[in-house]
Amino acid sequence: MIAELGLAALWLAAALCALQLLGGALAQRDENSDLARLVRPAAIIQGLLAGFAFLMLLWLFYVTDLSVKLVATNSHSAKPLVFKLAGAWGNHEGSMLLWITVMALAGGLIALVERRLPEKTMLATLSAQAFVGLGFYAFLLLSSNPFERLPQPALEGIGLNPLLQDIGLAFHPPTLYFGYVGLSVAFSFAVGALLTRQVNPNFARAMRPWVLGAWIFLTLGITAGSYWAYYELGWGGWWFWDPVENASLMPWLAATALLHSVGVLAARDALRTWTIMLGVIAFSMSMLGTFLVRSGILTSVHAFAVDPERGSFILVLLLLYIGGSLLLFALRAGTVSEGERFSVTSREGALVFNNVMLSALLGIVLLGTLYPLLTEAFDVRVSVGPPYFNPVGAIFTIPMLLIMAVGPLLRWRGDSFARIKNSVAIVAAIMLAVLALVLILGSYGLLPVLGLAVAAGLAVGSFLPLRGRNLLRAPLSLWGMVIAHFGIAVALFGMASETAFSEEKLAAVPVGESAEVGPWDITLEQVAPVAGPNWTAIQGRLAASYDGGDPVLLTPESRNFWAPTQETTESTLATRWNGQLYAVIGNQAADGRWQLRLWWKPFVTFIWYGGILIALGGLLALIGRLRTDLKRRYVKSRQADRAKEAAAL
Amino acid sequence: MNNLKVWIPLAIFLMFCGVAAYQLTQPKDEFVESTMVGKPVPEFELRPATAELPGLSIADLKDGKPKLLNIWASWCVPCIAEAPHLETLKRQGVEIVGVAIRDRPQDVARFLGQYGNPYTKIGADDLSEIQLSIGSSGVPETFVVDGNGIIRHQHLGDVRAEHVPMLLQKLAEAGS
């Protein structure tokens, strides 16, 4: 009954979505028609229905209803509760339902609160949102029904992919989804504005919170995903340039560019076409990522719901949304004027530079990701990895970060470098000092050395915009920018020092003996079998002591899950302020010695601290913007009241 | 229309769609077989996993009769689900030998008492040695082995009702 309720709610939501599309489209001719008045309520009720359907799915997973195919194939009665619930979205059908739910709720929220745009643009936006939504409903209901019943209830479920049975990963996909869906809202705004030719600062202010929100979630999602891959996959790395990782990075790059250009549009009414273009591109990247992950078209370590039929469905959606919006863009771009002018040496100039570099970066990641696909069409199998991405990426990243360190000091519209020359000198001096220091310390690769120098300069540079200001009265959005930029410096520092200073040791150790890596001394005390709720494992007990200090106990495991059967390595980490010891236990050799893989990674945690700081900066900026908006709305309503009173007198 | 630049993104995108559509229609090898299929089972000798049945050795697989080699364990939940289907196969005259992975005799006996015993012999594989050497990555898995000890087919996961005819056919092919 529960499954049928969920399915019914989903069909109803889809019907309302169709109504929303139609009403919004017809309202473009007559915005006072009865149909136009239905659009907002349709969006709100659609959101509630989709939310209800998702709750029903959660309920089915909560009670492990094995008569539902999705539950039987993804859950298991012996699984811990949190992973039972995570099973609801840890699969293709459930995650599509989560996607449409978040999207419908976002649509409902816009319909409920957004009053800034002209009504006609607003209706066009909701209509565009419904257009995207309808495709996903069709996908769910026609090809991936999450509520499908089995002809006969299963005796026991198959389980959730053991790699996904991890608290970090249980929440990683939804976080990314909130990001992707936020970008779908930005996309709808861009299409709505293109349709009604209303690209102006008001449009930018309406769009900005959605871009910021999406960007915060994407940042957190990528950070969490990177940390998960680092400690769960047991290979010791934190970024692999895997197509699935790139699928989340590309929308982030586009959203970062969009975030900055929408700011320019809001503040200065410049970069109109560029902002619209980025709005379209950012969501296109989310869709493209989904396509790459779901179609099985690229080989990836994250192989997920590989299914050419579904791939074809998403490809059609891609053609409709991206093709359609790019066509609309090409037709309309000429009619949107570029907006205000500015000189090269100005805040806008620096932001345009950042935008161009980010777009170039996006281009090279996209090219690297799709290149194997292209060559495979000619029957040549290649894989593109770090040797391509790292140096080519750095060509664009380093200049961008240099400008980023001083760009925020420039004034809008026109400025001179002479005015900020002291700040530039400070940043440059710090970079050179760090460069010299690292070169004295030892010989490391070019990229990590440059990375360390740029990180130091950027760390200081990011705080310079606060100089001479009353710190308590500086706007929250300024603090947000400062912290986000500082976060970039922190993450970069982590990446560069991990690359430069990491030490690795592959040792074969009998029980009772020890191995050394960096400043650590690690003794293998014991190896014993252990059992969990749905796995058995070989667990090693390691006593690790840093520089002769008190030993820390580490217990790396090699786990065997039996539903479904899969072997995973559970690495363990000893975290200090200045880095992490990373230990993995492998097989036993014939002579009784155990294989240990040990890494000492100085300051590796800064990568993720940086990610969190970046997201925190975004959050502060979002709160600051929303507060300003509310104030502005309040002032406006007061003015309107006064005007009414004055008229009454 | 007068500005060609604005059409570039659309052109690139359409090119991508063309390549993607082409790739999607290309057949892909989806089934990953053990590299051991077509090769003989390596030498082994396992002690009995339970007092009621004999253990298993390589000689048992070379007695001229095709068999099913079922990798399982009493702690394995999907193994419970496949038990009735193994019974069906046994009733059709199939000889099934088992390898119990990291198991205890009393648990094996309890499992067989509770869910039925389709096996003629069960070897105890405490260190997963046999399991790994024949290319099995987990429980349950079922191999079709011909009369000369050559692996003819590998079935991943539990045996369900719909797999029974397929396994019978593979056994018939292995017998000829």
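Glycine is treated like the rest: Cβ placed from N, Cα and C.
TrEMBL lists transmembrane segment at one of the ranges A:2-20, A:249-267, namely A:249-267. Within the same chain, the transmembrane segment (A:478-496) packs against the transmembrane segment (A:394-412): three or more Cβ pairs sit under 8 Å, each pair at least 6 residues apart. Mean pLDDT for the domain 'Cytochrome c-type biogenesis protein CcmF C-terminal' (A:315-625) in this predicted model: 87. Taking Cβ pairs closer than 8 Å, the transmembrane segment (A:606-626) reaches residues 208-209, 212-213, 215-216, 219-220, 222-223, 226-227, 238, 475-495, 497-498 in its own chain, all 6 or more past its ends. Under 8 Å from some Cβ of the transmembrane segment (A:352-374) lie the Cβ atoms of residues 241, 243, 246-247, 249-250, 253-254, 256-257, 260-261, 264, 271, 274, 278, 281, 285, 292, 297-299, 381-384, 388-389, 392-393, 396-397, 399-400, 403-404, 407, all in the same chain and six or more residues away from its ends. Residues 106, 166, 168-169, 171-173, 175-183, 185-186, 189, 237-240, 245, 248-249, 251-252, 255-256, 258-259, 262, 279, 282, 607-608, 611-612, 614-615, 618-619, 621-622, 625-626, 629 of the same chain lie 6 or more positions beyond the ends of the transmembrane segment (A:209-229) yet place their CB under 8 Å from a CB of it. Same-chain residues lying 6+ beyond the ends of the transmembrane segment (A:249-267) with a Cβ under 8 Å from its Cβ atoms: 179-180, 183, 186, 199-201, 203-205, 207-208, 211-212, 214-215, 218-219, 222, 274-275, 278-279, 281-283, 285-286, 288-289, 339, 347-348, 351-352, 354-355, 358-359, 361-362, 365-366, 369, 412.
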